[in-house]
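These features come from Swiss-Prot:
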COMPBIAS  1-15  compositional bias 'Basic and acidic residues'
REGION    1-28  region 'Disordered'
REGION    61-84  region 'Disordered'
ACT_SITE  Cys166  active site, nucleophile
ACT_SITE  Asp336  active site
ACT_SITE  His338  active site
REGION    461-514  region 'Disordered'
COMPBIAS  472-489  compositional bias 'Low complexity'
Amino acid sequence: MAREDASVPRSHDSADASPNSTAKEIPVPQPPLLNLNLNLNMNSGFNLSNWWHQITSIEADSSDDRNNNNSNNGINAAESDSAQSQPIVVLGHSYQTTEEAHEDIIKKLCLTYRYGFERIPRAVNGPSPLSFMQSVIFSKSLLYNLQNFNNFIEKENFTTDVGWGCMIRTSQSLLANTFVRLLDKQSDIIALFNDTYLAPFSLHNFIRVASSSPLKVKPGEWFGPNAASLSIKRLCDGYYDNSTSETILPRINVLISESTDLYDSQIAQLLEPSTETKGLLVLLPVRLGIDSINSYYFSSLLHLLSLEQSVGIAGGKPSSSFYFFGYQDNSLIYMDPHSAQIFSSDIDMSTYYATRYQRVDIGKLDPSMLIGVFIRDLTSYENFKKSCLDAANKIVHFHATERSTVPESRRKNSEFVNINRSDLKDEDYINIDRVNRLDSTDDFIDLGDDYVETNTNLEEATPSAEDTVPVSTLSASESEITTSSYETPTSKDDNSSRASLDVVVLDTTGEQQE
């Protein structure tokens, strides 16, 4: 599967990014604007407060106009009567009216940008906090907090994630709403995400574990789905395995499947009833297209959101991430983390619920995203599997047993390997233990995995030297081997049912195959 490489710095998310969407407003009181002098007298010197108010008052006014135009539309403002008649689906629950859906949505946890949190030191050769000054300045939330402006920007420390932290925030939202299924008291859950190093699932600790991972993401660099999923797994594992932590949450396991393949035997092991495990969070960091989601996956993505096991999707637009938790017709409903709020060690729960939720047409989404599925037990898994199979879901694929002993994170599929007879054991793969047998071969060969022996009829003896064909030594006259990565089918008529396919083409003519 072709995926985004989270180790490559991405352009940073804007402070008020939003796809073409409508919004439903929940009235919240705003503090009064500071009483600033609007007359900028250049003879008396430049006044930052005056300049700031002039450039933001226009933006704030236009934003208010947009909000007023959209506030009455809400999530049910579909473009046609047929769309309006469609139910509203929110993480497995279906509602016939906007009011019913609204009551559910406002209970979802939403983590957003914060200002003034505990310092995160700038990494050597990492982005400078000053490079995000424009994003900070043009964030409307700062309009009400100019008195603290000097505390928001430092040269060597990050005290805000405005401009770069939205993927972390949406991943936190996904994880927090997973925990809601395990713990009733939401204030206890939010305490685990507070922006300090002491909180196990804070932005600070997301960065800490990602910076030490193979991805080596630095503070100020944009997270991708891969970095986000790896951070979630490492933080969850550390939370439960660290004996000094107060584990108020029941234990859950985390499984990352970049290939979107799920193996019954592996799931059963992770949900072993004899253990203290109370569930399994499955994370699927995927890329479902090139510039936008391929229409081939539309129905499958909506189907996943309709299941009771769904805990949402983090992703959305290029260089901006949103938390998607439902849909109506072909419009996905999401929360926007780009509205920054002031950090406080005393948690204000009202700042952790969405004050607005929006929608966007599925065809306008960025194809790179992180899909979350929470499975409570084996019965829940069987129900999830049956639903996906019945719906012919094209994103998730199920298998009885694991076919490889190599951890998925180590499968690079980027080097030549020796192919032995013991590597090829069923009818899906051809035997190429002799070069001269390639003369009539034009099939695809999967070189990505070291397969576990499953066919008891194969010879048990260790293959001899003549049975081993070092692929890297084959000459062009004998066989040309090329590798290709097919990200997605180019048409919904394509018969492929996989999100992506890594293949090796063996051409006996000596010509490279496209």
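In case you wondered, yes, glycine gets a Cβ from its N, Cα and C as well.
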For Asp336 (active site), the three-state class that DSSP assigns: coil
Cα separation, Cys166 (active site, nucleophile) to His338 (active site) (Å, whole number): 7
His338 (active site) CB neighbourhood, other CB atoms within 10 A: 24
Euclidean distance between Cα atoms of Asp336 (active site) and Cys166 (active site, nucleophile), Å: 9
Cys166, Asp336 as active-site residues, winner by CB count within 10 A: Cys166
